[in-house]
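Undergrad: Encoded as structure tokens, here's the structure I'll be asking about.
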Amino acid sequence: MANYFNTLNLRQKLDQLGRCRFMDREEFADEANFLKGKKIVIVGCGAQGLNQGLNMRDSGLDISYALRPEAIAEKRASFQRATENGFKVGTYEELIPTADLVVNLTPDKQHSKVVADVMPLMKKDSAFGYSHGFNIVEVGEEIRKDITVVMVAPKCPGTEVREEYKRGFGVPTLIAVHPENDPKGEGLAIAKAWAAATGGHKAGVLESSFVAEVKSDLMGEQTILCGMLQAGSIVCYDKLVADGKDPAYAGKLIQYGWETITEALKQGGITLMMDRLSNSAKLRAFELAEQIKESLGFLYYKHMDDIISGHFSATMMADWANGDKDLFAWREATGKTAFENAPKYDGKISEQEYFDNGVLMIAMVKAGVELAFDAMVASGIYEESAYYESLHELPLIANTIARKRLYEMNVVISDTAEYGNYLFSNVATPILAKEIIPNLQKGDLGEPTPAVEIDNITLRDVNDAIRNHPVELIGQELRGYMTDMKRIAVAG
């Protein structure tokens with residue numbers, strides 16, 4: 001199999017990268033009706049598999065789970081999750097032949113095996129679904145021509161997909177139809193109904209492409225969403241301890257700091273996050289963000305280039321073939337970092353203290369979001385997609401660090417995201433330690449920024465620069481569709 005994106009000519013590549021249309025709510029008037037009365041079989045019962053299935057069942061759809069015989073016989077976690085929630089469970093041979101829609105929600109590295117196993121069992125003119133297009137775009141999987149291939153990609157972890165649905169809301173979602181597999185022209189109707197069944201239509205749906213979803217998703221998770229948070233956590237903790245701060249306090253400031261500051265990001269973008277600072281701290285955070293951009297800009301664009309060319313996916317798949325040797329080594333090394341082993345702090349840190357004592361962290365968030373967004377847009381990805389894969393998902397990933405530090409983040413995200421995270425953070429961490437940390441000033445991290453005389457013109461220009469960055473302009477528009485977003489912070 002060959003990388004699908006690399007088989008396209010330039011015009012086709014640009015067309016696929018630029019597929020991005022925010023769908024009107026009226027387009028979902030039929031909600032999930034197109035799939036009602038049809039048999040839907042989900043392969044895989046992890047976080048996305050279980051929680052999407054629960055939502056779809058509650059929306060009136062017929063859901064069952066196809067698992068491997070050994071998973072059933074040994075009553076593995078996937079079997080227990082499905083049966084404990086009252087779902088019908090069977091083998092591929094028992095359930096796939098009668099399915100109208102088979103939804104593959106297994107990890108990326110299992111997709112080719114799943115396709116090889118289920119495709120011969122699928123009935124003529126049925127449909128096959130993904131929630132991430134890596135297998136189609138990067139692996140180049142070819143699906144039988146009578147089968148319709150669609151994607152519904154919630155822009156949140158599976159647990160959040162369920163929680164928002166239970167609130168009567170949903171999470172922003174990308175949908176797509178594979179242009180090589182839409183024989184009856186029903187792909188969009190299937191994808192819309194599936195998205196509605198998960199609740200996504202209530203938060204906003206982008207009609208995208210497999211290509212745009214994959215390239216933007218990989219870029220976001222490798223850089224700002226995971227890689228920057230990991231690199232930032234490590235260098236900020238080490239700096240605080242080196243400055244004589246209580247290691248327990250330093251650990252808590254970092255662990256819960258990302259979540260607290262990105263909660264403001266979620267509600268009002270970079271503008272609101274920066275507005276939580278004093279004027280003196282805001283000017284300093286802006287200055288630090290520009291320095292971080294200068295140091296790390298090349299790395300963001302290198303990751304984007306490697307994703308577009310297919311170099312990243314080829315490198316990762318080589319590690320798959322090598323038994324995930326690099327992935328496991330990097331995972332072990334992360335577990336040994338000082339931040340991961342910081343003692344527990346029982347004291348209280350107020351919400352505002354996370355902002356006042358975390359100016360460098362805020363600068364890292366600002367620089368990282370803007371760099372990731374700019375790199376995606378410069379590569380032909382539309383602003384809406386770039387926003388969802390950078391700023392929008394950041395509070396959700398920060399929330400995982402608040403639970404159990406970097407370990408939890410790397411457990412919750414996919415192996416694909418984890419591998420990309422390490423590629424980025426392994427390079428970014430020493431750069432930040434060498435070029436940014438030694439030049440910090442009093443008040444950049446661990447204590448409030450001293451008040452300085454404020455020049456009105458400078459403050460005006462900085463505020464204008466913050467508010468007029470393209471990620472802020474598109475973010476203000478898209479957040480208008482998500483006015484019911486709840487707070488997710490667990491900090492205390």
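For all residues, glycine too, the Cβ spot is worked out from N, Cα and C.
Relevant sequence annotations retrieved from Swiss-Prot are reproduced here:
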type: ACT_SITE; residues: HIS132; note: active site
type: BINDING; residues: CYS45, GLY46, ALA47, GLN48, ARG68, ARG76, SER78, ASP108, LYS109, GLN110, GLY158; note: NADP(+) binding site
type: BINDING; residues: ASP217, GLU389, GLU393; note: Mg(2+) 2 binding site
type: BINDING; residues: ASP217, GLU221; note: Mg(2+) 1 binding site
type: BINDING; residues: SER414; note: substrate binding site
type: DOMAIN; residues: 14-208; note: domain 'KARI N-terminal Rossmann'
type: DOMAIN; residues: 209-344; note: domain 'KARI C-terminal knotted 1'
type: DOMAIN; residues: 345-485; note: domain 'KARI C-terminal knotted 2'
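Set these features in their place in the structure for me.
TA: With a 10 A radius on its CB, HIS132 (active site) counts 24 other CB atoms from all the protein chains.
In the three-state DSSP scheme, LYS109 (NADP(+) binding site) falls into the helix class. Long-range Cβ proximity for LYS109 (NADP(+) binding site), meaning a same-chain Cβ under 8 A and a gap of 6 or more residues, is found for TRP320, ASP415, THR416.
DSSP classifies ASP217 (Mg(2+) 2 binding site) as helix under the three-state reduction.
Same-chain residues at least 6 positions away in sequence with a Cβ under 8 Å from that of GLU221 (Mg(2+) 1 binding site) are, in sequence order, GLY227, GLU389, ILE413, SER414, THR416, ALA417, GLY420, ASN421.
Across the domain 'KARI C-terminal knotted 2' (345-485), DSSP assigns 104 helix, 0 strand, 37 coil.
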Undergrad: Mean pLDDT for the domain 'KARI C-terminal knotted 2' (345-485), as a whole number?
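TA: Mean pLDDT, the domain 'KARI C-terminal knotted 2' (345-485): 95.
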Undergrad: Check each residue in the chain of ALA47 (NADP(+) binding site) that is at least six apart in sequence and keep those whose C-beta is under 8 Å from its C-beta; list them in sequence order.
TA: PRO157, GLY158, THR159, VAL412
Undergrad: Around the Cβ of GLU389 (Mg(2+) 2 binding site), how many other Cβ atoms lie within 10 Å? Please give the count over every shown protein chain.
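TA: Here the count is 28.
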Undergrad: Could you tell me how many residues in the domain 'KARI C-terminal knotted 1' (209-344) are helical, how many are strand and how many are coil under DSSP?
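TA: The counts are 117 helix, 0 strand, 19 coil.
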Undergrad: Compute the C-alpha separation of GLU393 (Mg(2+) 2 binding site) from ARG68 (NADP(+) binding site), stating it in Å without decimals.
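TA: Each residue's Cα considered, GLU393 (Mg(2+) 2 binding site) and ARG68 (NADP(+) binding site) end up 32 Å apart.
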